[in-house]
Each structure stands twice: as C-alpha cells, then as structure tokens.
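Reviewing the structure listed below.
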Amino acid sequence: MSLEIWSNCRAATMQPDAAVPYGLIEDAAIAVEGDRIAWVGAAAELPAAMRQRAGRHHDAGGALITPGLIDCHTHLVYGGDRAAEFELRLNGASYEDIARAGGGIASTVKATRAASEEELLAQSQPRLQALLAEGVTTVEIKSGYGLALEHERKCLRVARSLGALNPVEVRTTFLGAHALPPEFAGRADDYIAEVLRMLPALHGDGLVDAVDAFCERIAFSTAQTARVFEAAAALGLPVKLHAEQLSDSGGAALAARHGALSCDHLEWLGDEGAAAMARAGSVAVLLPGAFYFLRETRLPPVALLRQNKVPVAISTDCNPGSSPCTSLLLMLNMACTLFRLTPQEALAGVTSVAAQALGLPDRGVLAAGMRADFVAWDVQRPAQLAYAIGANPRRQTVFKGQPT
Ligand code: NIG
Ligand code: FE
C-alpha cells in the first residue's frame, strides 16, 4: 500500500485529551496509508523511514486541517418541501397546530410516498452535495417520511444509493416511529406494531444501521418508544431518540436506560434526564437549525450538560419541516451564537463527538489508525470555522485517503 504525506499545514486533531486547544499541531504532517492515517504529528518529527517510503507528497499550502465533518442527524431524503407551511407559521399558526391539523410531517409523508426512488434520489442529491461542499465525510440519514414498509424501504435504499454515488459514508437510521400515518389515525399502538414488523424486514435487507423514534406529545409515548427500542435490541441495533424537543416527556431518561447512542434536540431536558444520559454515556445532539427555524425560546440546558459531562454534538437536522438546512458550518456558528457553545466545543460537536453519537470510534479525530477523512481549510485558526456566517473556506476534502 502506498504511503502519502500531507504537510505545510496546521492540524486541529480534535484529540479529546490533548494538552492544547483543538489538539492543534503547528507545522504538522499527516501520513496516509490506504484509507487510514498512519501517522500525525509535527513535521519535524516525521519518522525518516516514512518520509523516504512516501510515494507522494502533498503540499497543503498552509491550510488548517481538521477531521472530516460528521453530520450525525439528518432527514435529508424526502419529497417536496414545506414552504407553504412556513408561510402559515408566519401568518400565526404554530408547528404543533399544523401537525395536529394533519399538515407538518404528514404532508411530507404524502409527497415522499408519491415520489419514485429515482425522483427521491434526484431531490436528495443536491442536499447531500451542499453538505459535502462544506467538508462532510460522514452523514447519518433517517427514514421516517415513508411510514409504510415499501416507502420506508424506498427512502433507506435512496440513502444507501447516495452513499454509493458520493464520496461520503452514509449511516442509515430507521425512524418508522416518526409520526402516525393517516391510515393509522387514532391507532398509535397498532402503528407501533406495524413498525415492529417493518424493522426486521428492513434490517434483513441490510438497510438499517440504527433505530430512532420521536417521543413527544404530538408523536409517540415513552411506552410506545420502549417497544421500538426492545425490538431494536433484539436485532442488536443501537438506538437514539428525538427527545425533549417540545416538552419534557421523559424520553431522554428512557433512551439512556436503553443505552442510547444519543438523545437529540433536548430543549426541555431536565436534571434527571441529563444524569441518566451521563450514566449511560449517551451523547446530546443539539440542533440549532430547528431551534432557530421554529423560533423556539427555550434553550437546551448547555450548563447542565457540561455539569454532567454529557458530550455535545451538533447537527443540521436537515429536514423540510423544522430545519431546511444544508450547512453544517452555519450550525457551528449558531451553536455558538444561540446556544453559547465555545468554538472548540462546536467543532468537537461535528467531529469527535459526532462520531461518538454514531458509534463510530474510527473517525472524528486525526490520529494514527483513524480513517483518513479530513478537510483542508483556508483559515488561520479553527475558531474561524464557527465565526463566519455564510463563508465556505473549504479548500480540499480527503475521503478514505483519496482527495475528492
Ligand atoms: O427533527 N422532531 C421530529 N422530526 C423532525 C421534524 C420533522 C418535520 O417537521 O418534518 C425534527 O425536527
Ligand atoms: Fe430530527
């Protein structure tokens, strides 16, 4: 396997226990062998044998190199859009009013069911492209707008196709318990039984990497969520949860009891939920795009998460209803301005901690043995990535050792 060396760069390694902020290495070198990082450190300390063996030397031109960005919570495969609902909200309706009147998620379900696999792929590809243009190398994509076996399968197949067609790793999440489809109106328990039938079938097709649910008064109860989690555990699949977005429903504590990889949203998270997440090692995935777009006023309890040492990830939540957003860099900025995260916490939230939220210990940090997914940026210091609004200083992405 040939060895390639990237030098003339500064490296924000994002190693969690580093002695310096961002694990920053000045005048760094990164040696890549195949799809892995073989060595990273100060260029002056690069082992001579490695320098000699290198088949290729890349001059990074003074760029700042970070791990490839990881968007750990998206719903980017869907049909249609919800601009009309956006107008309704600006004319006074609330997100919950619209959901209760049969709009909201249900309207996206209608458009998604009506679309063919090819159409969905064509509609979703530009959203993924926008993420990749800002240095995303791993993205999670949820189902949850099909809500019937054939349509959930179609969405998950589109997610897998997106991964096959683009230089990015796609992790799929089955979110059958996202909303009650119209044909099950008033029969939520029956629909959960249907979700439990869909899950093994989709898993059998190799389409499911994890399982999620929406635990909320406008969605599913903790008891219904628990049934989904038990079914996931029976198949050995990790779980995560949309929890405490609109009310404190006890979802985070429930998810933690099931060893959830992450609990997401969390504006209404209380002491008990935070303590349970800390005990379980669940990551808090904060979604500033949804907070902003729904004009929420209750902030996620960042101080409580810090106190409990719950790791915090940041994601776009890319979806048509609550966060029509395809910019993870904008989320870095909003995590700082709206949620008061530090730029270092925010950058960890889209690299090392986002990897943890997906249960992927082989990425999110620049270190020997990790996947060679990294981005060269035209910035001097890491905080610039969170500071600028609407800038995209990406110069080059390397995915599995290959420049894209
Ligand atoms: O993450 N909270 C539930 N699901 C999405 C919104 C889905 C929609 O409105 O279409 C979210 O915010
Ligand atoms: Fe979401």
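Every residue, even glycine, has its Cβ placed from backbone N, Cα and C.
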Cross-ref TrEMBL: 4-imidazolone-5-propanoate site Arg82, His178, Gln245, Ser322; candidate in list Tyr145, Tyr191 matching that site is Tyr145
In TrEMBL, Fe(3+) binding by His73, His75, Asp317 extends, among His151, His242, His258, to His242
Here the binding-site residues are His73, His75, Gly321, and the Cα closest to that of Arg82 (4-imidazolone-5-propanoate binding site) is found at Gly321
Near ligand 1 by the Cβ criterion (under 6 Å), the binding-site residues from His73, Arg82, Tyr145, His242 are His242
Asn319 (N-formimidoyl-L-glutamate binding site) falls, by three-state DSSP, under strand
Same-chain, non-site residues whose Cβ lies within 8 A of the Tyr145, Asn319, Gly321 Cβ center for N-formimidoyl-L-glutamate are His75, Tyr78, Arg82, Ile105, Thr108, Gly144, Pro320, Ser322
